[in-house]
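Listed features, source TrEMBL:
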DOMAIN    120-190  domain 'PAS'
DOMAIN    245-315  domain 'PAS'
DOMAIN    320-372  domain 'PAC'
Amino acid sequence: MNALNNLYKDLFQLSPQSMWIYDTDTLYFIDVNDAAILQYGYSREEFLKMTIQEIIPDKDKINQSPRHVKKSGEIIDVELKTNLFDLNNKTARLVIITDITEQLRSAHTAKKLKEELLLSETRFKALVQGGSDLISIIDIEGKYQFISESWDQILTIKPESLLHKSAFEFIHPEDRERVKEKVSRLRKVKRITIEPFRFLNGKNEWTWLATTATNLTDDPAICGIVTNSKIITDVITKTEELRQSNERYKLVLKASDEAICDWDIENGIVDWGIGFQEIFGYELNVSDNTIWSDNIHPDDKQRVLKEIDEAIENPATEILYSEYRFLKANREITHIQYRGIFLRNSEGRATRIVGSFRDITTHKNSLYQFKKQNERLQEIAWMQSHKIRDSLARIIGLVDLFKDEDFINDSQKQLLDYLSISATELDAGIREIVKKAQLYKADQNVTF
């Protein structure tokens, strides 16, 4: 009997299959074999201090889970074979464990590959038959061998009407030779991209196409050149509209003596508009990011850089206005009116500044000349008013003297009173003009 028990123990311990025995009441492990120790990573002593529940993932239930957790934390799929038996007057369960993780993974992979293959075939059919691309096969001479059904839906051209006809017949005369030359390269290369060209659709209208062609003449399933074309008429139209808009914008900037700068703060990239070359004379292809800060007038530089830094740090700042002097490439001083628009992320941090630099030198000079002229006129008005008031004072004085003379009759006295009143009113008017001129001069606060 002992020999038989020893035999069973040897079979248990030496089995290459992971096995253990646990108490069905307490669920504690009673014994584990070497294969289980090797597979799960726990020592025998660690196993015997654990319950069967401790190797079950937290989210799984013992009677429903075909998964175990190794000491490393790795979760494996298992297949269990069990048997109940009595052991020292206790009910115990012998469990034989088979790791089926790779088996399930392989099955899952095979299933996924099958699904992907089916999906790929479905997509290919949808792409060729009902997609937005124009698929065709031509021979090396350009004659159509196959046309997808999408040609009818997109270009209103029946596929059968193109078969065995040359594709070049439907290409705009101005584009035809260029496309022919490009296709001829497929004799030496595998794949080409043909620049946009015009193609005659079923409505007898020119449609812009962008085409990629692949030489598969050596593929027995194809035996031709596969072309994949997309309609880009809207793109071409919008590109032309954008080009015209940019040309108009450049003319507006040129007429307004204004330059644009786009500063990508996060990436440290500055894109200088053409105005910096046309207005300020700097060669943009040899200038770096410091073209602006390096050429602010020394007397204004500290103030301007401080304004920019404070605006960048202040999340509430959306637009910054400033005026300062700037040095052109020829070192001529110009006056600039700056407006910077700040773009910020959700945290309020400035990520970009789009700034406009307007040359207001002529305006400043005109304003300066106007101020000087105004000051001169004020001086003239001041001097002339004093001269007139002196004359008026003498007139008023003479009137007062004549009024007291005995040889002046009542009628003459009345005339002198009228003259005195008029002179006094004229003096008051001159005083008011001088007062307003002084107030206007005090209110002026123009910086040059």
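From the backbone N, Cα and C atoms, a Cβ is placed for every residue, glycine too.
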For this session: Go ahead and report the DSSP secondary structure tallies for the domain 'PAC' (320-372): helix first, then strand, then coil.
Result: 12 helix, 30 strand, 11 coil
Exercise. Along the domain 'PAC' (320-372), what average pLDDT does this model show?
Worked result: 88
Problem set entry | Within the domain 'PAS' (120-190), residues counted as helix, strand or coil by DSSP | 40 helix, 12 strand, 19 coil
